[in-house]
Structure formats: C-alpha cells, structure tokens
Amino acid sequence: MIRILILLLTLLPVGTTAQEATATFGTGGSTLLLRSTTDLSIIRPVMERFTERNPDIRVSYEQWGSNALFEASRNACEGEGVSADAIFTSAVHQALFLVNAACARPYRSALTTALPEARRWRDELWGISEEPAVIVYNSDALEGDRVPRSRFELLDLMRRQPEALRGRIATYDIEASGLGYLFAHADSLEASTFGAMLEALARMDAIATCCSAEIIDGVASGRYHIAYNVLGSYAAQRAGRHIGVILPEDYTLVLSRAYLIPKQAGNAPAAERLLDFLLGAEAQTMLADIGLVMSVDPSETGLLPSARRLIPLSPPLLRALDGSTRARMFHLWANAFERDGGG
Amino acid sequence: MSLASRVLAAVLALLLAGGVCAAFWTLYNGRIAAEKSYDRILLGAASDIAESIRVQRGAPVVDLPVSAFQLLAQAPDDRIHYAVRGPGGRFITGLQTSHREPGRTAAGPVYFDSELQGEDARFVRITRRFAERDFSGEVTVTVGQTLLARQAMALELVTGALVPMVLAGGVLMILAWAVIRSAMRPLDTLSEEFSARDPQDLTPVSTEGLPRELGVLLAGMNRFMGRIDRQVEGMRTLISDSAHQLRTPVAAIRVQAESLLEQEDGPARDRSLARILARTRSLGTLLDKLLSRALVIHRTESAPREVLDLREVALELVEASDHEVLAPDAELRLMIGEGPVMVRADGFSLREAGRNLLVNALKHGQAPVAIGASVQGKEATLWVEDSGPGIPPQIEGSLGARFQRSTASREDSVGIGLSIVVATAEAFGGHVDTARTDGRFRIMLVLPLCPEAPT
C-alpha cells in the first residue's frame, strides 16, 4: 500500500543550519515543504495518515526551533532563501507577525470558517491545536497536599520551603525559546502574579533552559522538582514516569498552534489540503490522542471553563514581538535567572 | 401613450431619481461614518501608545500598552502598523515598513492614506513633546491599519439604508400603480359610456360619483351638447314653422295667379293683381319675421352677451321710426326714467323683440302707444303700452308657443312676433308678462337686472 519512507532523521550540528530534524512522508509527485516546531516524534502518525489519504502528496517535514523558523520565514518573505509551502508553529506571535507583514496567503473553506474567532485571523492564520501551559512536578518529590494546584499555591510553596526547592525549579529560557517567551508575555498580561512569580523564581535560583524535552526529562529524573509553564502536550508524552501534570486553577493558558501558508509557497494547493486535513475530524481526534488537543470537558481536566485562557490569534500578540517589550522582558528575566548555559 | 402609463412613468422616474440621490448620499455618509469611527480607533491607539512613553536615563522608552492593540483589534481582520520615532526620526520601536509619510505639519493628529505592504491603509501620526531635564524633543507615534473593517462597515451602513429604501420604493410603486388605476377608472367608464352612446343622443351625461375635475369637464360637455341640441331643435322648428307658415300664403298666391290667367282684362284682373301683390308683400314680411326669429334664436345661443341699458334699446326703437311706416298717424311716446336699466343680453335680439312688441301694438292696439324701460325690484323691464283691449285671453294663456295665429290676425300676425319675444326673454333668463291698468294694456319683457351697472 503506502510505503512510508523516512529518508532522513538527523540531528545536525547547531550553527550551520537551524533545522533540528527532517523527514519525508509519502511518495507522491507533489512535494509539500512543511516547516514546523512540533517534534517529529509526536506529529509523525498524523503526517503518515495525511499521506495515506493523499497519496499524490509527498510531505517534506522540517523540524525547526521557533526563533530560527521565524528568521527564515521573514527572509523568505523578502525573497531570500527557500520558502516553505506551509508553516506550523507554536510561536503564534511570530506567525501573527508574519501575517501582519503580508507574508501569508488567504484561504477559506468550510472548516476554516467554522473555527472560532480566536483561532483564526484574516483567513491567513489558523489555530490547529489546543494545548495548555502546565506545571509539571516530580511525583516522588512532591505528593498530596504539597502539590500546588494554582500559581498562588506554587508561590506559597516556594515561600514555605525555599531550601527544598532552591535550584530545583525549571522553566523555559525566554530568549532561547519563542514559546517560553510567548507564555511569559501572556502571563505578564494575564495577572499580577507574574511579578511575584518572577521574584520568587529568582529567589529560588530557578533554572531557565531551552527545550521542552530537556525540562521534562529533568523533572522525571528528579533533577527538577517543578517545571513552570511547560507545554502540556510534551508533558503528556512522558506522564506517568514520576511525573505529575497540573492545569493551574487560577488560569491556564491555552495555546493553539498556528498554521499559515506563506505568500511565496510553491505548492499552496497541497498546503491547503493539509490545512483542511488537520482541521478535519479524523486529524483532530488523532491530535487529541497525542495530547495536542485538550479536552474542554471540566470533569476530565479539572479545569473550569472560566480559567481557560486561549491565547487569541489577534493583533495584540504583535506587542509580544515589539522590540521595547522584548528588551524589557529580557531585562526582567535576566535579572531573575541564572542561566543554565545550554541552548 | 395612455395617461395612466404617463403618470406611472413620471412616478417611476421620480422614485428612481430620488433613489439614486439617496443612494449616493448614503454611500457618501456611510463612508464618512466608517472613516470617522475607525479614525477614532486609530487615534485612540496612537494616544495610548504616546501615553506610555517615558523618559528613562535620557532616552524615551515605550512600554507598549496592550489596550492599544486591543483597540486596533476592533477591526478584527486588518493588518496593523505602528512605529515610535524620536527626534530626527530616530526609530525607537515598532514595525519597519515602507510607506509614504507626509512631512511635518501642525501639532494635532495627522491622518494620511498610504499603502501597507501593497494594501491600502489609513494612518494617523501624533506627536508628543518632552521637556525633561535629561531629554527634550518630540516623539512621534504613527499607527496604521488596512481598510477591510472600514469598507465592511461602510457597506453594512449602505446596505442597511438601501435595502429598506429599495423595499419602500417597490411598495410605493405598487401603491402608486393602484392609486393611478383607481383614479383613472372614471375616465375608462366615461369613455366606455361615450363609445356606447347613440350618435343622436344629446342628453346630458350623469356626473354623479365622478371626481370634481371630471365633473367640471362633463358639465362643460353637457352644456355644449345642450347647445347643439337646442340649435338642432331650433333648426327643426324653423323648418317646420317656415313650412307651416309659408304653405298657406304660397298656395293662396298660386290660386290667385291661376284665376288671373283665366280672367279677361278689366277691373277684376286688376283687383286680382292687387291682391297678389298684397299677398306677396305680406309673404315677404312673414319671411322677414321667420328669418329674424331664426336669427334671434341662433344669436341667443351663440352671440356673446353684453351689458346693455334697456333705455337705449327703447330709444333706438323709437328713433328707428318704423312706426311712421306702419302707422303714420299713431302717436308714440317714449317713457324712460333717469336711472339706467342694465341687463346682460344680446342687443340685436333685444331690439328685435322690442320691435315686435312695438309693431304688434301699433298694428293691433289703439293709440296712444307708449314704449319704455324701467326697473322693478331686481328686474329690468322693456314694455310697450297701448289703449286697446290687449291680447285675447286664449292667446295670452298660451303665450310663447311657437307661433300664434288668432282667427282675427292676418298672415303677418303677432304669432311669430310674440314667439320671438318669448324666446328672447327665456334665452336671457327672463319672461314675458302682461298687465291691464286703467283701460290700458301693457306687455313687458322682463329680464334680471344686471348688478354691475356701469356708472
């Protein structure tokens, strides 16, 4: 039937190119170049299913870091370098920036127009997934009442047991990770707890590092007790191995991974078909299975609908990329964190 | 083109012209309204950003308020531009785009249109001045947005106004059609009635239930038909009168001429000739009367009416001196007063009527004969008086019938003369009256007094 060829799965040295991994799905004649920040290992079954359903399309999947992908996409928009046919990124503020800079092309279908307002913009940017930003903890180190259910409880915990947690709290390095920066920015807008949280994290000598996998593995191994603002989908992949996941009860940020078709896309029709596939019921079920689409049912997640804060794909996200905003955020961050050195 | 379709076309043209005007007006208004409301949003966002500028260590820094972006997101699908620049155009923060920007102008907000990455966009630029110890100068904030929301709003406003207008126009058209149809229906009925009418039928058309305008038209038409009817009737009368009146004298002349042929020369023949001559003369007089009557009847229908003084009519009759021919010995008195006796009538007809009265009195009455004009209440009277017994009562009773020939009268008799008088009186809204006082007989032509007597 359909043979799935994994041609290349290589970790390339950092610096020469920003691609972290590449793979090809399907054997069709029409090649779709998809640049994504989503881990290949997570998204693989979805891509395989897509090429099964669309045998004429061959998907060339490139996994990128969000900042590098942003850089490459901006350059491609200005005519430098090869443009992707589709971009699928968790750094939605960067995606929104690209659309605002007229780097995307519009597309309308029954599925895209059925999306809620907060998950599409200008018919050029669409939110595919729904993933919470969670607190991950090591279930050996913390259990029972000590597990913080909200940001306030986390703050209390850090105040009560500074010694036990010193150097054992991790979060994204916002300079290295577009996603981490996006969450921090959303936190700064969402609540006054942000200042207190930064202060507490600084007091705890918290570790800021680059990558989801690294953070979660660190929690699993007991190196970190708590990781703050980690993308829930990555945690779900590793849950069970001494790991607990909390959707903060005060509010839980929900990210909708963004999909866009660059203006310079060479194979836009294939990109449109992939978009409709991803928004279709089959792909959405698969995405839910791998943790990319969270349930809205409070009895399943323990999260009240009022605490659910979807980061809307709308112009206010542009503020996140503003030079002065970034400078101030980085300044605050740098004051608070001891750099991990990695990333 | 029928009247109904003309009116309908005019109404349609009016509605269309009005609709086009209103459409342009709403289009213009809609655009202005959309422009204004979204310009306010732009200005609000720019002001928000300008408010957030602070001077820190000798340099302006911006803490971009998210509210500015939320304001701009009121136009949910429009791309955004913003830029903050320090003195000399030094870029502080924002998005780097290339758009045309107007030069420095007044201090207030400057709105301008330009392009944002190939798409039409609207911009506002405001300037904030700083005069701090360590920084002084101007910082400008430029905010721009593409036009999708404006156009959508303008379209919405315009369709919101136009759709009911088009509907109302349609309803108006239907109403106008119905109204015009119902207004035109009497005309249709009327034309049907006329086409169904017998050509000989000159009776008046009923004006009942017709609109007033049509009633006026119909009344005019009825008057016109009445006149034709009367003229036709007059002609018929003239012919039958003439036939009736002429048959006897012409037959008499013929008989006498035939007997003349059989007679020898001599006194008998001369007598016959004299009789024929007398007959012929009287036939001439009769013809004159008949023609004069026909003329009077015709004139009373057709001649324009003038304001006349009856005294003048009486005077003219006396001065015409006809009586001197008829009765050279008779005494004729003119009895007129100081005041005018004004009527509205035809002079010729009045003179004919008066002459007939006078001639009758001279011929059949007894001297002295008097003619005069006087006012009695609201009536003007032209009268003739003599000392005789007057008209025999059986004739007086049927006064004014077409012709009267009493057994006593001769062929040039009073009959036609009186009928002229009666016809004249009736034509001008009056009547003929008689009176006997102190052994004198007076016959009067009574007409309504004309109120607007000339001074």
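Cβ coordinates are placed from backbone N, Cα and C, and glycine is handled just like the others.
Among residues of the same chain six or more beyond the transmembrane segment (B:157-180), those with a C-beta under 8 A of the stretch's C-beta atoms are 4, 7-8, 11-12, 15, 19, 22-23, 26-27, 29-30, 33-34. Summarising the annotation, TrEMBL assigns transmembrane segment to B:157-180.
Annotated domain 'HAMP' per TrEMBL: B:181-233, in sequence order.
Look at TrEMBL and you will find B:241-451 tagged as domain 'Histidine kinase'. Mean pLDDT, taken over the domain 'Histidine kinase' (B:241-451), works out to 79 on the 0 to 100 scale.
Note on the domain 'HAMP' (B:181-233): DSSP counts are 38 helix, 0 strand, 15 coil.
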